[in-house]
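Feature list (source: Swiss-Prot):
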- 42-128: domain 'RRM' (DOMAIN)
- 195-234: repeat 'WD 1' (REPEAT)
- 236-292: repeat 'WD 2' (REPEAT)
- 310-349: repeat 'WD 3' (REPEAT)
- 520-563: repeat 'WD 4' (REPEAT)
- 578-623: repeat 'WD 5' (REPEAT)
Amino acid sequence: MAPSFDHLRDEDLDEDDFDVDEVDISDIREKYEVQLEQGYDAFVVVDGLPEVNEEQKPKLVKFLLKKLNTVGKTREDLIFMPMGEDGKSLRFAFVEYSSPAEAAAACRQLDLVPLDKKHTLRVNKLTDVDRYGREGRIDDEYTPPKIEEFQEKEHLRSFMADPSGRGRDQFVMFRGESVGVFWNNEKDTPENIVDRQHWTETFVQWSPLGTYLTSVHAQGVQLWGGPSWTRQRRFAHPFVNLVAFSPNEKYLVTWSNRPISIPEEGHPALSVEDDGKNYVIWDIETSKPLRSFAQLDTPAAAEGEAPKKAPKFPWPAFKWSADDKYVARLNPGQSISVYELPRMNLLDKTAIKIEGVVDFDWAPATVQRDGVKSYEQLFCFWTPEIGSNPARVGLMSIPSKQVVRSLNLFSVSDAKLHWQSEGAYLCVKVDRHSKSKKSQATTLEIFRVKEKGVPVEVVDTIKDTVINFAWEPKGDRFVIITTTEPVGATAVPPKTSVAFFCPEKAKGNAVGNFKHLRTLEKKNSNAIYWSPKGRFVVVATVANTQSSDLDFYDLDFEGEKPESDKDLTANLQLMNTADHYGVTDVEWDPSGRFVATWASAWKHSMENGYHLYDFKGEQLREEAIEKFKQFQWRPRPATLLSKEEQKAIRRNLREYSRIFEQEDAERISSADVAVVEARRRLLEEWFAWREAIRQEVAEEREIYGLPADPVADLIKAKTPELATDQEEQVIEEIMEEVLEETEEIVQ
């Protein structure tokens, strides 16, 4: 029975012995404490100011105001700078902004900004100062921090030093629940470096220069590297789905389809400002978030218009300039927002308004245009036809925001932007429709970015639909795949044609006009994979249940050149054709020597595993692996050799090749010798075991009085019996032989 008032003792009711101070209600006070953010969330405290007197104070306030107004709006009368008893300032100021969002932006963008050579600003929210600086939060006595002993970090580029001295590349394989990193051993079994169970929950991904291996988990993203494969960085973005690096590995973007929800107890990396956001941009060096963004809403159809199809999810949603100084985001149909790094403030405080903009893409390298000496990064964009205005392709320079080249286009159904790897060319694949909109054709508009004035060359109209396009890396040739039938989900994929294009020969270093080299018809190909070094290309049929062809081409074949191609800068030759049933992915290694193809269990469960080919299309290795999910070569950073050193290597390439071939032959022969020796050793061990058993059996027979050779003894015992029981028999055999045949005809 529950206790009642009658069960209480008299001493329990004695109020004189009750002390209010002894009751601990700190948990209740903390739970129901009034938060100061409600009244002071638009205030910031600016620390690190120079010491000034009353006469110098107005000048400092005006100078400080210029900095403060770069992120929001405030006035001189909203800046309070306390003065000491000696008439000098206390080196900090209180500033009121017009909104809490501006105050938050000031803390994010002005903190650690230099005011001059000797002073650096520290900006914090007033509410944060009160929250973290109140009584009990800070010790009155100074406690020196514990300085940990210096520990030398592992070299994150150690993978560039192959211990075998053969310059091998590494790759990662994700199969079942296991992730392993291996050295490529060509025909032999890959050499395992590290293999771990449950290393990732969804997928793995290399960083662009190969420094880190990314694992993805429900709690966030982790980066691994070094000889011992320890965790180097951690980014706590709950339920992360996708990851993208900046080209130079300085920054990272994470995305989750679930908006971030900050719990009441807080988050180890994110703040309340990140609540409800989907994207987070991180600084890899510090592992700290720079800024977060929410998912953009799909624009609704205008009244009276048919509802638009849901667009494909854009990834990467944030695109990086080649030097990591800018990151940009598309607001479809309205603008492009360009942010400066690492502050993540909007360039010139405004987005670049481009009516109707559909897509954009940065140049993959910093381009030096003819006659332009100033620094710039370039991106291209395109807009569709709006009313009577034509479609337009533009080339914009950043940070000036100047459109350096534009091109008007008519009767445009769609356009795709394709940069060459060095930014020397931009190809705009334009799908055009006839006036009746019943037929379509494709034109290729090629911008020669490095030439003066950025001239545009139009390649002959292609009547078929172009379904794939790929530039030669560091080159000026390209391959397209076309089809005469509409592209879509069909039971039998349509037949395709593969066309090769290259420039004409020109004097000096000039690049001639682009010309058609050759078209191969009645193919099933749908994907193009160039070697990262150029020259060689694999044209493949992937994710196709009917066909799985792999065609290996050489565009600089050293054999006889057809007369029709004498004036062109290519000599096309099919080197080999392979077949990998169920192939879903193809990837070249960074050296351009090997090609890996694999059938991923993420797409189907038939004959999962990988094949390895050399650049000529000769199969080196085939391995079927159950639940094989992912294969990815480890990227290499750019070479440290100068152009002169690279030219010297090319001049002496034949001599190097002879040395490498000799080393390969020695390695193969030594491997063969090792196999023979191992087999001989096993055979000798077996002979020794057999002899030991024979002696042991002989000793046991001698002990038990048994004959040493039971078979011989048995034959000896049976022979007399057979001689007496059987009579002597004579066996005769008669054989007939035809010596001659004569045929007579009787009439």
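Using N, Cα and C of the backbone, Cβ positions are placed for all residues, glycine too.
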Q.
Which residues of the chain, 6 or more past the ends of the repeat 'WD 1' (195-234), have a CB below 8 A from one of its CBs?
A. 153-159, 172, 174, 177-181, 240-241, 243, 245-249, 252, 254, 284, 287, 590, 629-630, 632-638
Q.
Using DSSP, what is the helix/strand/coil residue split across the repeat 'WD 5' (578-623)?
A. 0 helix, 23 strand, 23 coil
Q: Work out, from DSSP, the number of helix, strand and coil residues along the repeat 'WD 2' (236-292).
A: 3 helix, 19 strand, 35 coil
Q) Could you give the mean pLDDT over the repeat 'WD 3' (310-349), rounded to a whole number? A) 91
